[in-house]
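Reading through the structure tokens given below for one structure.
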Amino acid sequence: MSFNDDEQIVTTQDSGSKPTPIIPGRVQLLSIHNNMVPLEESKLRVMLEITGGDSTNDRPGLDLVAVLDVSGSMEGEKIAKVKTAMLFMIYKLSPIDRLSVVTFEWGAKRLYPLRQITENSQKELENLINGLNANGGTNITAGLQTGLKVINDRSLSGGRSVGIMLMSDGEQNEGGDAAKVPVGNVPVHTFGFGTDQDPVVLKAIADNSIEGTFSEVQNMDNLSIAFSQCLAGLLTRVVEDLRLKVTRYEDESTIEQVIAGSYPQSKDNADGSVTVTFGGLYAKEVRKVIVDLLLPTVTQEREADVLQITYSYSFQGSPFEANPATITVRRTGKFAEQQERPEVKIEETRLRIVNVIKEARKMAEKNELRNARDKLVEAQNSLGDVDDKSNPMVEMLASELQQLSKMMESQQIYEKQGRPFALSSEISHDRQRFTTRGDQEEGPRPFATPRMDKYLEQARSFNKEPSKPPPSVDEDVQEEITANPLAPVIGAINYYLQLAIKCLQAIEKIINRGL
């Protein structure tokens, strides 16, 4: 059966669904590195930051599929919490968005086709969700495959963003291994609900997706919050198919390694370049990439171009490629050893702590809980040596280590709480994207975006008063533009200013070489 019956978008005067000419500046690139390098063979660490611009009213429409576990174990309070979380999502979407609902138990069913969000469809969806009942087994594979089919069979797909949100509360006991289902380029975000979830499978599903995440929701009251955080990202996608390319300068540098979490990398030996593929990027979301260079010995002092950087993306189906940027350093014999930049040190600390969490989890899987706890405590103590202890990332890392240590008091506690927490933490850091885990909502929230912070408060209010719908995404955007009228154009202004500065620097370099 084909699912090509997706509803076409009926535009309205203020729907914001008209194609927008692509403009530069939807992301900003920043490089952080030391500018002075000795004449001898030396290593240089460059950190690149790519930040998503502001989300405005020109966002692409979202095609979202909610894949929901309605097996027998979901009966009672669990299914009630799912209904509340789904109603929050339904109320947030706007007429340029479409939503489909898939449920699974022994098998899977497309309960609601991909339909445009209107007043009528919202009422239909509300009635449908309120009528959900729990029964049967847990066939995650069938649910995932059906959700993917809804996305892949669409008749209208050009210029639209997509996402699947899959929630399950138990171990798969029907239909094969969902971790082996290929998902292609569709972002799949998974949610482990309750204390009997299968976090290994749910994280594996998310790992198979280029930018998917896994959130663990053991506290049933937090499902609406977890859904809201994911939705806040999906509704603020500023670019699609983001790629970063770094290229060495022949005879001036060699790229030793590129550190970019779990994002795919491709190397071109012909030109000595490495390309990192990120997928989509949310508004104000940041991707940090470390590039380690080896610079050869030189015999005289001079300026040296050591790295070329460019990035590309698409927006509403239109491609864009930025003009190349160049990293230039001064090779000098009068070199005083430089300390690593503070921003780079913090990122190095984050990467080190993430490796500790992964190692501790592997120990716990072997019943080596004492060694795992010792490793976590040692890492937590090491944060006391960090120069900027008040940095939000350092505070968050300390909080994660402390929480995970408590979850390794016994093997039973680890398997119920520690394992899902650690796996959610790992994918969050590997993707540099927020996931819900533990009691994180009360503390520092690195990787969370401003819209996620806003939706956190809205979801909390909705949990208390489900009869009072939250503001729609269109109302959120209008509030942000009113607060910052320049938001829709500031990215383009910054881009052209940076381009002008680069042109002036290039002219200055030509003049200096002529002299």
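Using N, Cα and C of the backbone, Cβ positions are placed for all residues, glycine too.
Looking at the stretches 1-20, 461-480, the one that TrEMBL records under the feature region 'Disordered' is 1-20.
Among the residue ranges 110-137, 250-277, 362-389, the one that TrEMBL annotates as coiled coil is 362-389. Sequence-remote contacts of a segment are chain residues at least 6 beyond its ends whose Cβ falls under 8 Å from one of its Cβ atoms, and for the coiled coil (362-389) they are 342, 345-346, 349, 352-353, 356, 395, 397-398, 401-402, 404-405, 408-411, 414, 418-419, 422.
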